[in-house]
Amino acid sequence: MQQLEFYPIAFLILAVMLEIVANILLKMSDGFRRKWLGILSLLSVLGAFSALAQAVKGIELSVAYALWGGFGIAATVAAGWILFNQRLNYKGWIGLILLLAGMVMIKLS
């Protein structure tokens, strides 16, 4: 199993946070009707990919991408629940549990 170092993990955390911000801003932009929020969303995505590019220098691509995507989805679900009153049905919860289980399996492999 690969030993993780601080800086790649920090960049991965930054990438996840920027992805969450991008998703929230995209929702708030109302389909780019609020152009500045849409532009900020795009800049956040660019920042997230840039941070992910730095993270994969010290973390295997498959692990970094799975963690980035998985944590991003899980946190975006939580943000949608808190900020926009969006709720998952039982199929959504099953999917989220499978996603988290898959992330654990990839990390353990």
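Cβ coordinates are placed from backbone N, Cα and C, and glycine is handled just like the others.
What Swiss-Prot lists as transmembrane segment is 6-26 (among others), and the listing cites sequence analysis.
Annotation source Swiss-Prot lists transmembrane segment at 36-56 (among others), citing sequence analysis.
Panel annotation: around the transmembrane segment (64-84), residues 8, 12, 15-16, 19-20, 23-24, 27, 48, 52, 55-56, 92, 96, 99-100, 102-103, 106-107 of the same chain, lying at least six beyond its termini, place a Cβ under 8 Å from a Cβ of the stretch. Look at Swiss-Prot and you will find 64-84 (among others) tagged as transmembrane segment, backed by sequence analysis.
Under the heading transmembrane segment, Swiss-Prot lists 88-108 (among others).
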Suppose I define contact as three or more CB-CB distances under 8 A, residues 6 or more apart in sequence; do the transmembrane segment (36-56) and the transmembrane segment (6-26) meet it?
yes
